[in-house]
Structures are given as C-alpha cells and as structure tokens.
Amino acid sequence: MPATQQDERSAKPDREHIAKKNKLGIVSGVYIPVCLNIVSILMFLRFGRILGRLGLLGMLGLLTVAYLIDFVTTLSLSAIASNGEVKGGGAYYLISRSLGPEFGGSIGVLFYLAQVLNTALNVVGLIDCLKLNFGSALCLAGSSIFAKASNALLLILVISIVSIPLSAVFVAPFHDPVKGIDFTGVSLDTLRSNLWPHRQGREFKGAETFRELFGILFPATSGIFAGASMSGDLKSPSRDIPVGTLWALLSTFLAYLIVIISLAAGTAHSTFLHDTNVIQDINVWAPIIFAGECATTFFSALMGLIGSAKLLQALARDKLFPGLSVLGRGTKRADEPVLAIFLTYAIAQVALFANLNQIATLISMGYQMTFFVMNLACFLLKIGSAPNFRPGFKFFTWQSAFVGSVLSASAMFFIDETYASIAVCLLIFLFLLIHYLSPPKHWGDVSQNLIYHQVRKYLLRLKPEHIKFWRPQIILLVNDPRKHIRLVQFCNSMKKGGLYILGHVIVTDDFTAGVQEAKIQQAAWTHYISEFSRIKAFVQLTMSPSITWGVRNLILSSGLGGLRPNVAVLGFYNMDELRESRPLVDIPDVPTPRTPTERPFPTSETKASRRARGDTTARLMEGFLPTDVIRKEGMMDVTSYMTILEDLALRYKINVAVGKGFDSLESPRNAARNSKRYIDLWPIQMSAEVETEGKNVLTSNFDTYTLILQLGFILHSVPTWKKAYRLRVLVFVEYENEVEEERKRVRALLDKLRIEAEVVVLWLDCGNLATYEMIIHGRSTTPDTELVVSECLKDEEWWQEATASGGVSEGDAQLNISELLSSYAFDRRNTSGSGSSYSTQGLALSFNDIPSRAQHLILNELLRQNSHETAVLFTTLPIPGEGTCQSEAASIQYLSDIEVLCNELPPVLLVLSNNMTVTVSL
C-alpha cells in the first residue's frame with residue numbers, strides 16, 4: 001500500500017478524536033462570528049453615501065430586500081444543517097452532500113473566492129499593514145484563540161454601534177463648513193428631508209445607479225455563512241448553526257436600522273454628499289468609531305482567512321480537483337489548515353489591487369451564487385419527498401426555498417449582468433471539470449431522489465403509446481455477452497431513445513442457491529453495462545427450472561407501467577453445435593455455393609484486421625468483462641427454442657427479431673474506413689397459414705414489411721451509421737415486365753412513410769440465378785448448382801420424385817414438378833410469396849408454386865449476389881407453424897429452412913411483426 005494512503009487512513013482516527021474535543025458553542029462559534037462578519041466596514045464608509053443618494057425609504061427598501069434574501073437562505077441553510085451530522089467545510093459541505101460533488105465543488109470554489117475577496121475588501125477599507133500581519137499570525141494560532149479574540153472584537157463593535165444613536169441624541173448641533181458637515185441632532189424636519197431620494201446625483205463621484213448601490217450594500221449583509229464555516233469546530237453544528245445564525249441575523253438587522261434612522265434623523269442631506277466619514281465626524285467620541293472600524297476589519301479579514309482556508313482544506317480532502325490534496329493537511333494538535341491559510345493569504349494580497357466598489361460587486365456575485373444553490377438544494381430535497389430528509393429545523397417550506405432561489409438569481413443579474421454571466425460560466429466550467437476528472441463519490445446527491453420522484457410520477461401518467469410515436473422498445477434475450485457483444489451493441493444503436501433491456505434466465509431448481517447467483521449476476525451485468533459496454537440498457541434477470549418458463553416470465557415482467565418492450569430480439573439457434581452434439585440426429589446440411597463473383601464474409605479469422613482498423617467492439621472482446629466470471633447456461637434443445645419463438649410470435653404477439661451472423665458485424669467508423677457501404681432492407685411478403693378462430697387462413701403480413709422499413713430507417717438515423725452507410729430497399733418480382741410497376745409501388749410507399757432510401761427492384765427470371773433456372777425451368781447451368789440444389793432438397797419428397805428417373809429435359813422437369821406439387825400436400829405454413837402479388841406468365845411452374853425451402857434457396861442466391869457491400873441486412877422471418885415446437889423434426893426443419901435463406905449472407909436480422917408500427921396520418 002502506498003505511504004500516502006497509509007498516512008490518510010491513520011490520520012482519520014486522529015481527526016475524529018480532534019473533532020470530539022471541539023468546544024465552540026452557539027455563542028462563540030456561530031452568533032458572534034455571524035454578527036461580526038455581517039457588520040462590515042461598509043457600514044462606516046458607505047452607509048452615509050447610500051442614504052444621501054436613495055433617502056431613508058430607498059435605503060431601507062434595499063436593506064429589506066437584502067435581509068429577505070438572507071432570511072430565506074438562512075431557513076434553507078438551517079434545514080439542511082439540521083438534517084444530519086455536519087463536518088468541516090461549511091456551505092461547501094452542506095451543498096456537496098446535498099446536490100453532489102459537481103455542484104458542491106464548483107460552488108465551493110466560488111464561495112472560497114468570495115470569502116477571500118471579502119478579506120481584501122475589509123483590508124482595502126482600512127489599510128493597515130500592522131493589523132493585517134498580526135491578523136494572519138492569529139489565524140495560525142487556531143480556531144479557539146480566534147474565537148476568544150472575536151469576543152473582544154464584538155464588544156468593541158457593539159460599543160461603537162451604540163455610540164451612533166447616542167451621538168444623535170446627545171451631541172449638540174453644529175456646522176463645519178470645511179468638512180461640509182451640518183449636524184442638526186434628532187429632528188423631525190431633518191428626518192423628513194432625508195425620507196425620499198434626492199435628485200442631486202451629479203454631485204456624487206463613483207457609484208450612481210440604484211443597481212450599483214445595491215451591489216455595494218449587499219456584502220454588508222451577506223456574512224450568514226460565518227457560523228457554517230466554523231462547522232468543523234462546533235459542539236453541535238446541526239443545532240447551533242440554525243439558532244445562532246437566525247439570532248445574529250435579527251441582531252444585525254436591528255443594529256442597521258438604528259444606525260440608518262439615527263443618521264437620517266440627525267444629519268442634513270448635504271452632509272452625506274460631501275463627507276464619506278460622516279459617522280465618525282459626528283460621533284460623541286471619534287476614536288470609538290475608529291476602534292469599531294478596526295474591529296470589524298480585523299475580524300472580517302481573519303474570518304475570511306480562516307473560513308476560506310477551512311473550506312479549501314475540505315475541498316482538498318474530498319479530492320475533487322487534482323493536485324490539491326496537499327492543502328488538506330492540518331496540524332497534529334488541532335487540525336488547523338496551515339498551508340491553506342498561507343495560500344489564501346497570498347490570493348488576498350493580489351486582490352488588494354482592486355478598488356472597493358469592484359471588490360464589493362465580485363463578492364456579491366459569489367455570495368448570491370452560493371445563496372441560490374443553497375436554496376435550490378433545500379427546494380429539491382423538500383419536493384423530492386425523500387423519507388430521510390427530516391430536518392430538526394421545521395420553520396421552512398419548499399416555497400420559501402424556491403423564493404430564495406429566485407431572489408438570489410434575480411439579485412445577481414440585477415447587480416451586474418456581465419459579472420453574473422461570468423460567474424455562471426465559471427460555475428459550469430468547474431461543474432464539468434469535476435464531473436469528468438473527479439473520481440466517483442458515493443455521497444448520495446438529491447438529483448437521484450428528484451429523478452426517482454419524477455420518473456415515478458410520469459410512469460404513472462404514461463399511457464400505451466400511440467402509433468404516431470412508436471419507437472422500438474427492445475428486450476434482447478442473451479446468455480453470454482462476450483459471444484453476442486456485437487448484437488448487444490447493434491440493438492443499442494437500433495433502440496432510438498427507447499427502452500432497452502438485456503434479459504437473462506438463470507436455470508435452477510434450487511431457489512436458495514439461485515438467489516445468491518442472481519445477486520452476483522445482477523452486479524456483474526450492471527457493471528458490464530455501465531463501465532464496459534457503455535450502452536443505455538437495463539438488466540432483467542429471472543430464475544426458472546426451465547429456459548422456456550424463464551423467458552415467459554421475462555416477457556411478462558419486463559418493463560414498468562406504460563414502458564414495456566414491444567420488440568423481442570434473440571440470436572439464431574446454433575445449428576452447427578446441434579450437429580456436433582447430436583451426430584445421430586438427421587439434420588439437413590446447408591451446402592455452400594461459391595461463384596467467382598461472390599466474396600466470403602468476415603469470420604473470426606479476420607478479427608485482427610478489424611482491430612487494426614479501429615474496431616472498438618473487437619478490442620472490448622479481447623479484454624476482461626465482468627460477465628466472464630458468472631455462470632453460463634448450457635445449450636437449450638431445439639424444441640425449447642421453437643417454443644420460445646412460437647410463444648413470442650403466436651401467443652404474446654410481440655414483434656420478434658432473430659439475429660444471425662452478428663459475430664461478423666462491421667462496426668461503423670469513418671466513412672473512408674468502412675469496407676461495407678449499405679444497410680439493406682429486403683421486406684419480403686411471406687404467406688403463411690395461421691389459425692384464426694379454429695380455421696387455417698392464408699395470410700400475408702404487411703406489418704412485417706413496414707416494420708423492416710421502420711427499423712432500417714431508425715438504424716440509419718443514428719449519426720455513426722448514417723455517416724458510414726447508405727440505406728437501400730431491395731425488392732424482387734418474378735418477371736422483368738413487372739419491375740417498373742413494383743418500383744413505383746415501393747417508391748410511393750416510401751414517400752408516404754417519409755423514408756429516404758435507394759430503391760432497387762430485381763427479377764428472378766433474369767437468367768443469372770442458377771438455382772431458379774434449375775428448380776423452375778429444369779436448366780442446369782453448372783455442376784456446382786446441381787450439387788447445391790440436390791443436397792439442399794434431397795429430403796423433399798416432391799424433389800425426390802421429380803429427380804428419381806435421372807436426367808430430364810426442361811419440359812419434362814416442368815411437367816413432373818408441376819404434377820408432383822399438385823399431388824403432394826406439402827406443408828404450406830412456411831411457404832413464401834414473391835415480392836409481387838401478381839404474375840403475367842403462363843408457365844406451368846412459378847416461384848409462388850414451390851415450397852418454402854426451394855424458395856429460400858433461390859432467395860439466398862439473389863441476396864448473396866446483391867450483398868457484397870452490405871453491413872447488415874433486414875428481411876422477413878417466416879412465421880412458424882402452430883405446434884412446430886411439439887416435434888423435434890419439425891423444429892429442425894424450420895430452422896434448417898432459415899439456414900438456407902441466410903447461408904453465407906452478412907449479418908441478418910429476421911423480423912416478424914404482429915402490430916402496426918407506422919402511419920401516414922398527421
């Protein structure tokens with residue numbers, strides 16, 4: 001273990017021991033610091049000027065607004081501080097533990113700068129190097145000595161404030177033409193003359209506008225976080241901060257009222273125009289005012305140093321910013337932030353170069369931003385209705401927190417919109433910096449509670465989606481993410497902002513052992529999604545004694561409210577593994593034709609070349625995945641797979657998609673680096689006999705046709721896929737004279753559906769399809785074609801009879817096959833229809849007349865000839881016949897027919913729809 005980690009761990013018990021020895025109470029730890037920090041040097045140097053410019057009512061209006069913001073913010077501060085244990089860091093600690101590290105850290109930096117500037121403001125207000133140097137040394141002595149010094153400072157400040165109304169009463173009226181002072185003593189006429197704003201604004205130098213004066217006044221009222229800044233040194237922060245801050249707020253407000261009214265009642269208006277030091281010049285004993293100025297400057301400078309240093313120490317210990325950890329160190333005896341104090345002192349020295357009004361405006365920005373976020377945190381905690389948010393301080397509402405947020409934000413832009421905009425930009429920059437550079441913090445922020453509250457509310461209001469707003473909500477049934485990682489990523493691209501669920505079944509008869517396995521797998525799957533695959537998906541696990549019942553439970557239980565899957569995706573059954581595991585079972589082989597014009601599609605041997613081209617999915621497959629350590633389920637039997645497929649397609653009537661060959665999927669990259677060019681849509685209308693009210697009805701599923709178009713368009717709308725590939729819609733007819741009419745029909749459909757795609761119309765009787773020529777016309781073009789057709793159809797009785805007599809002529813072949821098809825009652829439940837619903841040729845045999853396996857063989861050749869540059873291909877999934885799953889032979893035959901259709905093709909997504917997914921209506 002590194003030495004620094006050992007030091008940090010060993011230092012934690014010491015810090016806890018130090019914390020227990022803190023002995024600052026409500027008076028010395030909160031009330032006195034807040035009073036001294038609120039009463040600013042600005043009261044002595046700027047109150048007369050503001051009073052002369054705005055009059056008594058105008059100044060009291062500004063003061064009331066400022067204290068209203070302080071009051072509602074104090075309510076929010078008190079609520080959050082009394083909701084749990086408060087540690088060092090003050091406002092930063094409260095905000096970061098409520099809104100999270102991003103908000104807490106960014107506001108912490110702004111509040112730190114505001115406190116440092118407040119130190120500079122007070123020093124600029126009373127330049128005295130001796131006081132400044134002596135004050136820094138006192139900060140190094142620690143919080144307890146600082147608290148004792150504040151008691152004496154408060155006494156001096158109280159005496160100086162009390163002397164102001166006493167001077168108004170007991171000092172005799174006088175006139176000093178040199179200084180421009182006209183003191184009348186307490187007089188109703190003087191009060192009346194100072195009641196309203198005057199228009200002699202041209203006589204002023206410096207700040208003139210109402211907005212600028214408010215910016216100068218506000219720092220004289222905003223020191224309410226002084227007690228919270230001492231939170232690490234308090235006996236009971238949760239109790240002391242609310243009570244002490246509110247009492248200090250009331251005390252200083254009354255003190256300000258007395259001072260302002262005393263000035264307005266005893267001093268002529270002209271005095272305020274010429275003498276900025278009027279409070280000292282009219283006092284009964286001038287040195288006491290000077291002592292008060294020294295006391296407030298002295299304390300505010302110290303408070304700025306030590307409060308800012310403790311905040312910086314808390315920031316450093318939370319490790320939100322790289323390189324600040326050294327500032328988190330404290331002294332062994334009292335954990336005082338010595339290094340942070342020195343840094344804060346240096347920054348304050350730089351700030352001394354600014355003038356008083358600029359510093360006051362910047363302080364207002366920092367404090368108002370902090371006030372805004374503090375109120376926002378309280379507001380979000382309250383409306384989130386989290387059961388654990390039950391603060392001991394009860395005198396607040398979400399309305400008060402909301403008003404505080406609005407007032408703080410409004411005041412910030414009212415004072416200076418330029419500085420306010422800069423502050424907001426800085427906040428956003430710091431927020432993003434922490435979000436991307438800081439390690440995860442498990443503090444529990446209010447955003448999660450708020451998201452939960454809103455999600456629950458709107459899920460209850462979410463109704464079944466209208467067809468106009470249909471989007472794919474996918475559940476992908478997956479066993480091993482490593483084997484199906486490309487299919488997982490593909491479905492993530494295809495979801496179009498919709499629901500995406502990875503469903504997995506844990507097959508077990510032992511519920512007790514299964515629960516533990518489910519917990520392990522849930523953690524592994526979640527880690528895989530969030531940290532490795534970077535997909536936006538949920539995990540749904542279920543336990544069942546059989547895979548079929550597990551999938552049934554998954555489909556029924558997935559989703560919540562109106563947010564439920566409408567497309568079920570699963571991988572194609574591994575027929576090669578079935579052949580290897582059960583060699584005695586008669587499973588039809590799928591011959592592989594090869595012509596010079598065809599190119600082999602990538603296999604596992606080409607992975608290295610893909611990685612060299614930047615395939616991130618391939619690199620992900622090379623490394624460790626969290627799901628590698630979990631248990632994988634064994635191979636299911638073929639009838640179970642068909643049961644799942646029939647359940648989905650015929651019973652649940654959910655849209656179904658079967659992915660085949662996705663281990664060779666090319667991930668989209670920059671257009672110049674992709675070896676493929678197209679996303680191909682082959683929306684083949686397939687006829688099938690389905691059971692309806694006890695009767696078998698021959699149907700053609702147009703919903704599947706449109707769903708293929710819909711899914712292809714959605715995938716192509718993803719920016720990475722759109723840049724890398726073009727979208728094509730390919731259809732076919734049997735004869736050339738049908739091509740143009742079919743093209744117009746498809747083009748019209750695409751126009752109605754607002755889908756932009758290239759349309760390609762092909763015809764079967766073109767002479768280039770060797771399998772079509774062999775099966776339909778009896779023409780054998782090559783020995784390879786004869787071998788492929790014979791191997792593929794050798795178990796078909798009608799083909800066996802047609803070829804039993806050996807070689808036949810073209811006419812004989814047509815006659816024999818035609819007669820055989822009419823005499824054999826072959827199963828037409830899986831029979832396909834062509835891309836056209838009509839035929840103009842009078843031959844004895846056409847494409848629509850032959851069984852599905854022969855059709856698939858012809859279609860496979862057609863697809864292969866036109867898919868050399870295809871990245872992924874969408875086409876129709878043949879509807880399984882009712883009861884196919886009850887027979888192993890029938891199940892194998894169905895899957896083998898699909899193998900024939902998809903043989904040697906690029907990745908294929910076979911789609912079957914049971915619902916409308918598109919509309920042409922507004």
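Glycine is treated like the rest: Cβ placed from N, Cα and C.
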The annotated transmembrane segment range in TrEMBL, which must be one of 57-80, 753-776: 57-80
Among ranges 92-114, 713-735, whichever one TrEMBL labels transmembrane segment: 92-114
Helix, strand and coil totals (DSSP H, G, I; E, B; other) for the domain 'SLC12A transporter C-terminal' (487-573): 42 helix, 22 strand, 23 coil
Overall pLDDT for the domain 'Amino acid permease/ SLC12A' (34-474), taken as the rounded mean: 81
Secondary structure composition of the domain 'SLC12A transporter C-terminal' (855-918) [DSSP: H/G/I, E/B, coil]: 29 helix, 12 strand, 23 coil
Top Cβ-contact partner of the transmembrane segment (57-80) among 24-45, 92-114, 338-356, 419-437 (pairs under 8 Å): 92-114
Highest-contact recorded stretch vs the transmembrane segment (246-265), from 24-45, 92-114, 153-174, 285-307, 419-437, CB pairs under 8 Å: 24-45
Tertiary contacts of the transmembrane segment (419-437), as residues 6+ beyond its ends and Cβ separation under 8 Å: 101-103, 105-107, 109-110, 320-322, 361-362, 365-366, 368-369, 412-413
Long-range Cβ neighbours of the transmembrane segment (24-45) (under 8 Å; 6 or more residues past either end): 121-122, 125-126, 143-144, 147-148, 150-151, 153-154, 157, 161, 216-217, 219-224, 226-227, 229-230, 233-235, 239-241, 243-245, 247-249, 251-252, 255-256, 259, 276-277, 279-280, 289, 292-293, 295-297, 299-300, 303, 356, 360
Same-chain residue ranges lying at least 6 outside the transmembrane segment (153-174) that approach it to Cβ under 8 Å: 32, 35-36, 39, 181, 183-186, 255, 258-259, 262-263, 265-266, 279, 282-285, 288-289, 291-296, 298-299
Residue numbers, six or more beyond the limits of the transmembrane segment (362-383), whose CB comes under 8 Å of its CB atoms: 69-70, 72-73, 75-77, 79-80, 83, 91, 94-95, 98-99, 103, 107, 110-111, 113-115, 117-118, 121, 215, 218-219, 222, 225, 354, 389, 396-398, 401-402, 404-405, 408-409, 411-412, 415-416, 419-420, 422-424, 427, 446-447, 449-450, 453
